[in-house]
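Novice: The structure is given below, and queries will be raised subsequently.
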Amino acid sequence: MQFLCQQTQLNIKKAADSILSGKVVGFPTETVYGLGANAFNEQAVRSIFKAKGRPNDNPLIVHVSSLNMFNSYFNQKLPRTYELLINEFWPGPLTILIKSPSQIPAETTANLNTVGVRIPYHPIARALIECSGVPLAAPSANSSGKPSTTTALHVYEDIFQRKEAREVMDYIIDGGRSDIGLESTVIDGITVDGKVRVLRPGGVTVEDLKRVVGDDNVVYEKMEIKTADFKPTTPGMKYKHYSPKARVLLLMNDSNTNKSDKIKKLKELIESLDTNDKIGMMTLEDSLMTNELMNINKSSNNLIPYFIGPSNNPSIVASNIFAGLHSLDKHQVEYILVEGVEERNEGLAIMNRLYKAAGNLENVILI
Ligand code: TXA
Ligand code: MG
């Protein structure tokens, strides 16, 4: 396996040749890194599933480099809402579901009759697709259930632990850190009477979608975030998604709790954890929690901070979420306490990922 670091035409060509020979390539996009293969090649698509250890009933997104390429492979009548959204957000972090044409194999769509398509804006992603001359099926470049990856090194450290990945991959293209840091927004505007249904909140916010197609045309069923009393014993995970090795505890702001009670609760929580364990803390840099963390840290050296950004800038926070989970896992922490954010703009996608990373009601704590 080789890192292709300098973005020379020669390197892009090497990676494109690898794609055309049926291999899988790790490549950067503006959202997260992807594991790309020729979307038309069933065997190559199977290799992606193997590399990730992904269940084959979870469909892949197909990436094209331009509207020209989109029109040549996916020529079909689109709803007006899609036309408006494509005009505004492509290239970019928006995936639209359309009818799957017959050349797209069932492996790519997991047997569905729709396929998700997007044009990334990352220049290396686009150059790779353009040079390959075929659409790339690409899920996020993480092993199944783990946090998505936002650097080439994350991809290497996670995916290359897997023999199955080493067998089907020759290259990871290093394009620096992904700007957005959370995956694309996935929308379905074809199966429900003209409305745009948000299946996964992501890089394009629900507010952005509403601004372009109107409030009434966007449907998003907000996840109901439930909380419970914390129990120190590790509960069995009902399902795993975006989960680092450490147990993620999501700290939700309780607007009814005053400052001193919040500090008390935080201290109690930290004290209830085993003092021999390292604890990662992903907090907003200007928050009460960070302030308190600094005080606690003076008396204990098992807390490892990772600042996720300022509370008034959710796009910075979004870009640090997966990076923070990876970084703290590398420190071999036992727990990662993450400060929740308001569910507005990028905050919606952030909380969607964090809630899943916590994975269990008992890991979501009101503070
Ligand atoms: O930003 C992104 O979207 C990244 C980069 C690499 O482009 N890709 C990505 O792919 O996040 P993946 O496979 O990790 O997530 C794709 C999501 C999955 O939740 C999948 O179930 C959903 O999109 N999806 C894909 N095709 C679908 C379809 N036809 N119907 C419903 N959901 C679909
Ligand atoms: Mg994924």
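Cβ atoms here come from the backbone N, Cα and C positions, even for glycine.
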Novice: Write down the one residue from Ser47, Ser140 that TrEMBL lists together with Arg54, Asn58, His63, Thr114, Arg118, Ser148, Arg200, Tyr242 as binding ATP.
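Specialist: That ATP site, as TrEMBL gives it, pairs Arg54, Asn58, His63, Thr114, Arg118, Ser148, Arg200, Tyr242 with Ser140.
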Novice: Quick one: Cα separation, Ser184 (L-threonine binding site) versus His63 (ATP binding site), in Å?
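Specialist: On Cα coordinates alone, these residues lie 12 Å apart.
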Novice: Would you list, in sequence order, the binding-site residues among Arg54, His63, Ser148, Tyr242 whose CA lies within 10 Å of the CA of Ala138 (L-threonine binding site)?
Specialist: His63
Novice: Compare all C-alpha positions of Thr31, Ala138, Ser184, the record's L-threonine binders, and send over the largest distance in angstrom.
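Specialist: The two farthest binding residues have Cα atoms 12 Å apart.
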Novice: Would you mind reading off the Cα separation of Arg54 (ATP binding site) from Thr31 (L-threonine binding site), to the nearest angstrom?
Specialist: 20
Novice: Would you mind reading off the Cα separation of His63 (ATP binding site) from Thr31 (L-threonine binding site), to the nearest angstrom?
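Specialist: Each residue's Cα considered, His63 (ATP binding site) and Thr31 (L-threonine binding site) end up 13 Å apart.
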Novice: Taking the recorded L-threonine site as Thr31, Ala138, Ser184, identify the other residues of that chain whose CB atom sits within 8 Å of the mean position of the site's CB atoms, giving them in sequence order.
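Specialist: Neighbours within 8 Å of the Cβ centroid, excluding Thr31, Ala138, Ser184: Thr29, Val32, Gly34, Ile61, His63, Pro93, Thr95, Arg118, Pro120, Ser140, Glu183.
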